[in-house]
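Here the structure is laid out as structure tokens; the discussion comes afterwards.
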């Protein structure tokens, strides 16, 4: 929608700012939920410190076309959990809250299916809170809450599946999961288990898993503080983000694991509530904040962000070319004229004026493919493969056409000035630098 309104892909910093703001709104909704459940300000801050500050979000929010939608999904999921919490409150009108919870869950699943995991974690947390009220485990209460969870989830999922079937009549059904994730349906049982174990092992030893592993170890240390039912529920919260990997029988990208921060926040909040040494948990929370913030900076203000700007700028260039030449662009070779050095390029200096990592010895696409093979190859070949990756049409020019570009280069202005784009001998030339 944002791309449609703007007519081009939005600047990554803009989408990241909006999506993070929406995540903050979802945290405010969680603060309301916790306040209604009689959590103190300190306890709420401990929860928010783990829920809001996590490097895992960057992997999803860096997808420019999805970021704002994902942010909206966080808000909708939090609203679904909020209204479900009101269902458990005997003083509230249940019918309206059932409808609201189902509708919000339906909408967020429509944005991204992984939000069903986020919702499940939230309602499990509410179930735990109900159990903490009782000295003894009340099986009747547990069954009642689980029935309500199942009803809301099934109603939203059925609505989502029905709407999907109707939409598929007009746009055709996607087979993305079947084509991309070769899991239980195509590999042997032993092969799937092997791949999943390797996947989980790689995640556990990753620097990004520091807070997750720490929360798991702390939960084991405080195992005696919780009843068996609550302990199983908390372990379920920590395991739920990986449910899709097990369901698909294949490793999933890190961006799909965005429910992890909520599971960590729930575990750390309850540990903070039951422990007598609250200063220790606050110190651990501060340590995690420092580690997570450092990782966020490394992921955001780094070559990763340069690549996002490369995508934006290349798609912006492509949209200009398409506006100028129309569909003829699909069958016309495009020659990009650029120096392998960034220092003498007005256009590249303009891009690199942003406050993130850059290497002035390379042109503006050098970080697209960090492998040396790509860095030493010509810019036109890199643009060609990058275009393919973005799903854009681009006809790779021949060596003779590139040589022609070098010959006419002195007569062209430097992009974005007028006269930087021209067409000659059925070849499009774009001059980015001398």
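Backbone N, Cα and C define each Cβ position, glycine as well.
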256-274, 275-293 - the one TrEMBL records as transmembrane segment: 256-274
The annotated transmembrane segment range in TrEMBL, which must be one of 149-171, 172-194: 149-171
Maximum Cβ pairs under 8 Å to the transmembrane segment (256-274) - stretch from the list 39-59, 66-84, 104-129, 196-221: 39-59
Contact between the transmembrane segment (104-129) and the transmembrane segment (228-250) (at least 3 Cβ pairs under 8 Å, separation 6+): yes
Contact call for the transmembrane segment (12-33) and the transmembrane segment (228-250): at least 3 Cβ pairs under 8 Å, seq gap 6+: no
Considering the transmembrane segment (228-250), which listed stretch of 39-59, 66-84, 196-221 counts the most C-beta pairs under 8 Å: 196-221
